[in-house]
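What follows is a single structure, written as structure tokens, with notes after it.
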Ligand SMILES: Cc1cc2nc3c(=O)[nH]c(=O)nc-3n(C[C@H](O)[C@H](O)[C@H](O)COP(=O)(O)O)c2cc1C
Ligand SMILES: C=C(O[C@@H]1CC(C(=O)O)=C[C@@H](OP(=O)(O)O)[C@H]1O)C(=O)O
């Protein structure tokens, strides 16, 4: 089965579940490989009270034995500690005194269309699954994908380069992404990080919230992941879908992104140079992808996140139970989640690249995959067309 994953779980239910299929046998995999990114996803200046309650840790329920994958689906559980406070409201079994329905949909959240689509009169039934708490389960899948990729020298980092109106040059964020963990907002520049934090404080003080932009960089991808042959195989299209599937993402770019539309060709294409028997590029303005395939340069994907929609400055809405105009439902929320979204972005990029990697090199077991990978690298080197 092709590498990929599904998730289950509600935000305040018992836990977040991930089922990763198509994982090759023989991949070394420890809980700490997953827990590292679960912890990073919980961090970030501007998060709400929920992160003080949760301490996300993975439990493997299937697919791993004595530290190695078995080739069977990898099943993972992250328990929601907050469930202890929600057992009555989120009980899977019927309850005698159900809570009052919530009928004031928030503009910008999934509430209204979700109630219309699934015939709910209580938007809690929508909110619980549309909440970005689900991204915990995605980051668990990303942990498996990242471990596979790192065994072949592929490393993935991210950095935040805009929060609200405070921006840092994207090109510099790309170069310094490996240092972003040092910043509470995941921006590699300490001075800009402080200004971003002030921007978040100011928005929160105004009972409002913020979005921003982040970039994910994958170093060490071999050329030829993805394909130009079929539209479904193009790796940039798959990465774009994966990024846009993250809650609140409204735009995705590769390399210099939309900025290239205003340039002349000679200012955009990455010239090919011969360098000591290798090929090199004079630049990486296209973000490491040409013709729907990786080209051996770092893959550079960035995304724009819209501001959080649950705000204390409640926006106008209509009470679905009465038809009366009123103010939107409000509960505990983040005021900025761009730093967390960047970590989720890393995970989704890792999943897509791992899938494309296993398509290219086989998927049954690590020994055969390594042999195919090394043979490909040898052929490119012998032909003098290996990337730097
Ligand atoms: C890490 C993360 C945390 C989020 N936290 C909140 C939040 O606390 N409150 C909220 O209203 N939306 C939050 N969102 C955004 C909503 O989940 C998202 O806007 C909603 O699911 C509707 O989907 P859409 O924005 O993609 O259309 C968060 C998103 C991410 C990625
Ligand atoms: C719980 C997480 O994110 C949540 C995403 C979210 C939303 O509406 O998307 C709403 C908030 O949850 P709560 O209502 O419990 O405060 C966020 O904190 C998480 O990322 O772990």
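Glycine residues also receive a Cβ, built from the backbone N, Cα and C atoms like all the rest.
Noted in TrEMBL for the protein shown:
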- 41, 47: NADP(+) binding site (BINDING)
- 129, 130, 131, 247, 248, 291, 306, 307, 308, 309, 310, 332: FMN binding site (BINDING)
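Sequence features annotated in TrEMBL and their locations in the structure.
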| residue | record | Cβ contacts under 8 Å, 6 or more apart |
| --- | --- | --- |
| 41 | NADP(+) binding site | 56, 135, 136, 139, 340, 343, 344 |
| 47 | NADP(+) binding site | 334, 336, 337, 340 |
| 129 | FMN binding site | 10, 11 |
| 131 | FMN binding site | 10, 11, 247 |
| 248 | FMN binding site | 132, 211, 305, 306, 308, 309, 337, 341 |
| 310 | FMN binding site | 106, 109, 209, 329, 330, 331, 333 |
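Candidate binding-site residues: 41, 248, 306, 308. Not one of them has a Cβ under 6 Å from ligand 2. Around residue 308 (FMN binding site), a 10 Å sphere centred on its CB holds 25 further CB atoms from the protein chains shown.
Residues from the binding-site residues list (41, 47, 129, 308) with a C-beta closer than 6 Å to any atom of ligand 1: 308. A helical conformation is recorded for residue 129 (FMN binding site) in the three-state DSSP classification. In the three-state DSSP reading, residue 248 (FMN binding site) counts as coil. In this view, residue 306 (FMN binding site) is surrounded by 15 other Cβ atoms within 10 Å of its Cβ, with every protein chain counted. Secondary structure from DSSP puts residue 308 (FMN binding site) in coil. When secondary structure is read from DSSP and collapsed to three states, residue 47 (NADP(+) binding site) falls in the coil class.
In this record, FMN is bound by 129, 130, 131, 247, 248, 291, 306, 307, 308, 309, 310, 332; the longest C-alpha to C-alpha distance in that set is 44 Å.
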